[in-house]
Amino acid sequence: MAGIKLTHKLYQYYQLATSFLYAALLIRWLILMPLVGSRFLPGGIHEFLIYLMFYSSIMEVIWLLRFHGFKYGLLSRTFLKDLNFIYLVSVIHFYDDYEHALILKNASYSSFIISLSLSQAYCHWCKLFKRKGVKERTLVWKVNTFVTLPILYLSEFALLLLNIQVKNYHSTPTLDIINRVVLLAYFPVLLTAYKKLLTK
């Protein structure tokens, strides 16, 4: 019994901490953007963004499998989201030259950060509390679903498209093929997951 309570406490701490970290990402962007502009923005925020996306996704997958098992966990929208974030991190990390990556100076990078931080702060905050039955569709839910998420999806697609168009020395022929396949499958998979969100 004590072990179950500890597990639930740790789960709540994870959701709370992750929610605040994504809020901190937005605050960081709000501070940096007026000071340095899009040209120097990656130097002050990209490392934080990449680490946050990667580790929060890994932890969420662990919790997902812990509570729902492999069968239901791997077929969930949450797992698809986390897999997508991990893939995106692997594509745009630019670990050794992110200050100079042209892709990260594009407007889609800022819109991605804003929509990501808002949607994930809200998502993890909602998971702090158990809800039974049909969830109430509040104004915040509607804004997140019909405004924030579409901007996030379009911004990510733009970043992935730019990553193919703008060559860098991280690119390889195999990686280019994988990226093109992902782009082709992006909207069909996205629309399927989005439809499930609207009908749940």
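Placement of Cβ uses the backbone N, Cα and C atoms for every residue, glycine included.
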Same side of the membrane for Phe40 and Ser171, as recorded in Swiss-Prot? no
May I ask for the residues of the chain that lie six or more residues beyond the topological domain 'Lumenal' (66-82) and have a Cβ under 8 Å from a Cβ within it? 7, 11, 57-58, 60, 189, 193, 196-197
By Cβ distance under 8 Å, which residues at least 6 away from the ends of the topological domain 'Cytoplasmic' (104-145) in the same chain are close to it? 12, 15-16, 18-20, 22-23, 25-26, 29, 33, 38-39, 41-42, 45-46, 49, 53, 56, 92, 94, 98, 151-152, 154-156, 158-159, 162, 197-198, 200
